[in-house]
Amino acid sequence: MILKNDMSAEYLKSLTPEQRKKLCSEIRQLLVKTVTVNGGHLASNLGTVELTVAMHTVFDSPKDKFVFDVGHQSYTHKIITGRAGKMNTLRCEGGISGFPKAEESEHDAFIGGHSSISISAALGIAEAMRSDGDDHSVVAVIGDGALTGGEAYEGLNNAGKSRCNLIVVLNDNEMSISKNTGALALYLAQIRSTRKYYSTKNSVKNVLDKTPIIGKGIGKAVKGTKQLLKYAIYHSNLFEDLGFKYLGPIDGHNLDELTEALMVAKMMQRPCLVHIYTKKGKGYAPAEDNSGEYHGLPPKKDDDNNCKGECFTDAFGKALLTFADNDNSIYAVTAAMKYGTGLQHFYKAFPERFFDVGIAEQHAVTFSAGLASQGKLPVFAVYSSFLQRSYDQLIHDCAIEKRHIVLGIDRAGFVGEDGETHHGLFDVAMLTTVPGVTVYSPSDTAELSQCLEQALYKDKGIVAVRYPRGCELYRSGTKAYSDFRHVSNKSRKLIFTYGRISAYAYTIHGVDVLQAIKIFPIADEMIDICLAYDEIYAFEEGEREGGIAQKLCTALALAGYKGRFTITAVDGFVRHADVATQLHNAMLDADGMRKITGE
C-alpha cells in the first residue's frame with residue numbers, strides 16, 4: 001500500500017514513476033469508498049487524479065500555489081496534502097470541506113465553490129508574488145465547462161499580457177455537469193482534432209536538433225514558418241492570441257506526459273496554458289458510463305432516510321412542462337444545469353424552446369429579457385447561490401423596463417454538505433431591493449405549482465419562485481391558491497414564517513401561524529393580522545439583514561405596532577453539515593421554535 005493516512009507532497013516526490021501510477025489507482029479506490037458513503041463530487045475527482053499527482057510532483061506546494069476552479073475536483077489534492085486520514089469526515093459537520101478552504105490547509109490557496117473564477121484569482125496571487133520578488137508558480141485548474149463563464153475570459157484577457165509565472169491547466173473532458181454547448185465546445189473539439197500537428201511539430205524539432213551542423217539552421221527556418229503553418233492548419237489558437245504559450249492537447253491520464261508538460265510550463269516563466277483531455281469518472285465504470293449522474297452524489301444516509309415527499313426540483317420541472325404544453329410562448333433557460341434544475345424533460349419535449357447558455361448567469365438573465373421583449377415568457381431556472389452573479393442584469397436589463405421574466409430559484413435556503421458557497425440564503429435580501437420584483441416561497445410542491453402559475457400569468461416584471469433542495473416536509477392540503485395561510489388557535493402569540501420550515505411551525509401547539517406564500521411585496525392583509533397579536537415570532541431560513549422578517553417588522557412599526565417582535569434568521573456564513581443539523585443550529589426547526597416561543 002503506497003497511500004498513507006499522513007500522505008504528503010514530500011512523500012509523493014520520493015516515489016518512483018511506477019509507484020506514483022500505483023498511487024493513482026489507490027487514490028481512486030479511496031475516492032469511490034469515501035464519496036459513495038459521504039456524498040460529494042465523484043466523477044470530476046476521478047478524472048483529475050493523474051493531473052493532481054503530476055502537479056504535486058512538479059511543483060512545491062504551498063510555495064507554488066494551486067487554485068482549483070469550483071474546487072469540486074480537489075479531493076486528490078486534499079489526500080496528498082495531509083488529509084487522507086480525514087477523508088471519512090468529508091462534508092460532515094466538523095470534518096473537511098468538499099471545496100478548498102484556506103482556513104483548512106495552507107495548501108488551499110483560494111476558496112472554491114463557484115465557477116470560472118480561478119484564472120482571475122490565480123493572476124492576482126501571481127502578481128502579488130511577483131511584486132514581492134517571489135518567482136514561484138501559480139497554477140489555475142479550470143474545466144472546459146467553467147470556461148463557458150465570462151469571468152474566465154476576463155481573466156485570460158488580463159493574464160496574457162502579464163509577466164507572471166502563471167500556468168492555466170485546461171481540463172477538457174467535453175462535459176461540465178450537463179453536456180457542454182455552444183461555440184466553445186466546438187472550438188475545443190477542433191483543437192483536439194489538430195493534435196497531430198503538435199506531435200508532428202515536436203517530432204520534427206527533436207529530429208532536427210539531433211542532426212549535425214545543418215539541423216539547427218533548418219530548425220530556425222521551420223520556426224520562422226511555424227505561425228504560417230499553424231494558421232493554415234487551424235486558423236490560429238485563441239489562447240496564443242491572448243498571449244499564452246499553448247501546450248497540448250495532452251492525455252490527462254498519462255502521468256509521464258502530464259509531468260513532462262508541467263515541467264516545460266514551469267520552465268517558461270511566463271503565462272502558459274496546458275490543455276489536457278480527461279474522462280470524467282475515470283477508473284470507475286458506473287461513473288464513466290454516466291458522469292452526469294455521478295457528478296454529485298448525496299450522502300448514503302439520505303437514501304436510507306427514504307424521503308417520502310415529492311422532490312421540489314422534480315415538481316418544478318413537471319409543472320413547467322405542463323404549462324408549456326399549453327402555451328407556446330413559454331421558454332426555458334438554464335446555465336449548464338439542465339438536470340440539476342429539473343429541465344431535462346422540458347428539453348426532450350420542446351428542444352426549440354429550451355436554451356442551455358453555459359455557465360453564464362449574467363447572460364442568461366439578459367437573454368431572458370431579450371426573449372421577453374418579443375412577447376415570450378422566459379423561465380430561468382437557477383440555483384439561488386448562482387443567481388447572485390446576475391444582480392446588475394436583473395436591475396438594468398429587466399427591472400427598469402419591467403420585462404416579465406420568471407426565476408425558478410432552486411436550492412433556496414440551506415443546502416447541506418456543500419456549505420457556505422452553495423447555500424441559498426441571500427436571494428430574498430438581494431431581490432427585494434429591486435423595484436417591481438415579486439417573490440413566492442412555497443412550502444410544498446402543490447403550492448409550488450400554484451406559485452408558478454401565478455408567476456407566469458398574474459404578475460408582471462421579475463417574478464421569482466424559490467424552493468429548497470430535496471423533498472417537501474409535508475403537504476398543506478391547500479386546494480386553492482392564497483397569498484398566505486393563517487391558522488388561528490386563538491393564541492396571543494403568532495409565528496410568522498414561510499417556505500419549507502412552515503412545516504415545523506404547524507407542529508407548535510399553543511401558537512397561531514401566519515405562513516406567507518407570496519412573501520414580497522408583503523400583503524396589507526398580513527400586516528393587519530399581525531397587529532392583533534401581543535407577541536410575534538418570525539422564523540426565516542435566510543439572511544437576517546434585508547430579509548422578509550425585517551421588512552415586516554418595519555411595516556408593523558410604521559403601522560403603530562406596540563407588541564413584541566422577535567426575529568430568528570441566519571447571521572453570517574454557515575459551514576457544511578446536513579440540512580437538519582443546519583436548521584437545528586440556527587433554531588429554525590421545531591425544537592428551536594418551541595424554545596423561542598416558550599411552547
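Keep in mind that glycine also has a Cβ here, set from the backbone N, Cα and C atoms.
Remember, TrEMBL labels are computer predictions, not curated facts.
H72 is the only one of H72, H77, H404 that TrEMBL places in the thiamine diphosphate site (with G113, H114, S115, G145, A146, N173, Y284, E361). Residue annotation for thiamine diphosphate gives H72, G113, H114, S115, G145, A146, N173, Y284, E361. The furthest Cα pair among them is separated by 32 Å.
If you take every residue in the domain 'Transketolase-like pyrimidine-binding' (310-476) and average the pLDDT, you get 96. In this structure, D144 is the one among the binding-site residues D144, E361 with the smallest number of other Cβ atoms inside 10 Å of its Cβ. In three-state terms derived from DSSP, H114 (thiamine diphosphate binding site) belongs to neither a helical nor a strand segment and is classed as coil. Of the listed binding-site residues, namely H72, H114, the sparsest Cβ surroundings within 10 Å are found at H114. According to DSSP, E361 (thiamine diphosphate binding site) sits within a helical segment.
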